[in-house]
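Noted in TrEMBL for the protein shown:
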DOMAIN    2-115  domain 'PIN'
BINDING   D5, D87  Mg(2+) binding site
Amino acid sequence: MIYLDTSAVMKTLVDETGSAHVRTLFATSDRLVSSRLLAVELSAAADRRGLPREHIDEVLDTITLIAVDDNVLDDAIRLRSGLRSLDALHLATALEVGGELTEFLAFDNELNAAARRHGLVLHSASGSI
């Protein structure tokens, strides 16, 4: 199971460095997860870039979204990771998934460093901006 943050998922919607790799990952993996926050972040990013809503819905349909409950919120506070708030929530959500999670994929150096510090295995494409 691979956890994806918003920076990774956006690469399925726009053509930039790393997009081809992430699109291949989406086509070949059936165990992709993220935080429910992803829907909010993708919608906002798509609106800013003028991307069609249908593309967002198609991408979200391929990912299992994990609820942001009180445990995740409390964990994000306890992590004291120095991350921006939404990145801390993504990290807390990934940690909540626990042992089922095999890799973490983000294109954010600070988030990747925090994920590594908390014992997550980074996907080989992580950080390849």
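Using N, Cα and C of the backbone, Cβ positions are placed for all residues, glycine too.
What you are looking at is a predicted structure, and each value in this text was computed from that prediction instead of being measured.
D87 (Mg(2+) binding site) counts 22 other C-beta atoms within 10 Å of its own C-beta, drawing on all protein chains shown. Other Cβ atoms within 10 Å of the Cβ of D5 (Mg(2+) binding site), summed over all protein chains shown, number 28.
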